[in-house]
Amino acid sequence: MSDDKPFLCTAPGCGQRFTNEDHLAVHKHKHEMTLKFGPARNDSVIVADQTPTPTRFLKNCEEVGLFNELASPFENEFKKASEDDIKKMPLDLSPLATPIIRSKIEEPSVVETTHQDSPLPHPESTTNDEKEIPLAQTAQPTSAIVRPASLQVPNVLLTSSDSSVIIQQAVPSPTSSTVITQAPSSNRPIVPVPGPFPLLLHLPNGQTMPVAIPASITSSNVHVPAAVPLVRPVTMVPSVPGIPGPSSPQPVQSEAKMRLKAALTQQHPPVTNGDTVKGHGSGLVRAQSEESRPQSLQQPATSTTETPASPAHTTPQTQNTSGRRRRAANEDPDEKRRKFLERNRAAASRCRQKRKVWVQSLEKKAEDLSSLNGQLQSEVTLLRNEVAQLKQLLLAHKDCPVTAMQKKSGYHTADKDDSSEDLSVPSSPHTEAIQHSSVSTSNGVSSTSKTEAGATSVLTQMADQSTEPALSQIVMAPSSQAQPSGS
């Protein structure tokens, strides 16, 4: 055995023998490969388990927290302010309370004024109905107030270099709204605002949209009254059936988000080419003076109240087009398919009607042409029969003495034809027909169409009535009359 396989493998634990050195080298190479890549093969199984599949990727994202919504920096402040308003304002939670949106402004609410250098104040309570805050007699370039009933944007931040107006609608609190105005310091000069106001629109999903409102006020002689009239807060209770009252703030917040989305999709963006933020129908920024207030602001005609007037005409057109698109998008696919099939059926019926009319016209034309063709064929048949009869008569009178005499005389002129006609008329009309037929066949001279028609009719009658004795009489009669004409 050892003599047959002298080459022994030197690997530990392997006592195989081979007949030649080549087999041993191949075997050793296998040992080397196993020793070198054995652990790597075991690790490859673990790597395969760590393949980043979509499920594992989503799981890792959830563990890291990428799918969590980012907390808004303003959300805590707004939540605190709304909770304070809910605590301080008594709510009527009786079973007979129904959701009501008051469209009429009855009593004033609180307007807070602070120095421009002071930090942004938190919203205060709006339950003091008779409270008035005196303001310093300072010139203010812009003074605007927003009706909360028509404002559909929950968080709006309006800032400028000289004054800032913060408009806030507390979304969790459906019965409170606060208007805060900051007046500039009295020792600063009033400078007209050259550029537009930067407006920061804060959306409920945590995003901010920068927009701009043009400052069209150029004169600075704006008088601020001694006491700013206060406006009673308008309750923003959503009129949703099945919800008795504003006890749960979460549905109110979702309702506000839905209304904001509807407003953004229904209208064009809130500020385009100098338009101010609009609500559903009457959400326009008004001047601080109202007709029912004794004190008013004296502003020029280029106030911010008149800037939305010109784009108001284009709003219905955009609303109409967006309404059509929205109706088209909201249609049921089954309804779309039904309308599509109905239009197809109507088009197919119209096409079939047109094709039917066209086929009927073609059939009528074919019938007319076939009738005309039948008439022409019958006429051709009659003419052929007549030609055959004339040929038979011609062959019958080929050896007639009148024909031979006419060949001798010649009938060189048409006058001689007429004279022969006059001479032959008293004897018999048959002679006239025979003379004309013989002249036309022997000499090839064409006569008038009238004489041809007469000859044709006479020959037809002769074909019916011709007998041998009659032909002899007809031949003998002109023989005596033809001699004077020849002489």
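Cβ atoms are placed via backbone N, Cα and C, with glycine included.
Note on Ser94, Ser248: Swiss-Prot annotates phosphoserine at Ser94; no matching annotation appears for the rest, which is not proof of its absence. Of the listed residues (Thr51, Thr307), Swiss-Prot tags Thr51 with phosphothreonine; the rest carry no such note in the record, though that does not show they lack it. Of the residues Thr53, Thr315, Swiss-Prot records the annotation phosphothreonine for Thr53.
Cβ neighbour counts within 10 Å, taken over all protein chains shown, single out Ser72 as the most crowded of the modified residues Thr51, Thr55, Ser72, Ser349. Its Cβ placed at the centre, Lys339 (N6-acetyllysine) has 11 other Cβ atoms within 10 Å. Sequence-distant neighbours of Lys356 (N6-acetyllysine) (same chain, 6+ apart, CB under 8 A from its CB) do not exist here. Measuring Cα to Cα from Lys339 (N6-acetyllysine), none of the modified residues Thr55, Ser72, Ser349 fall within 10 Å.
Taking Cα separation as the measure, Ser349 (phosphoserine) is nearest to Thr55 of the modified residues Thr51, Thr55, Ser72.
Assigned with DSSP, the residues of the region 'Basic motif' (336-356) fall into helix, strand and coil as follows: 21 helix, 0 strand, 0 coil.
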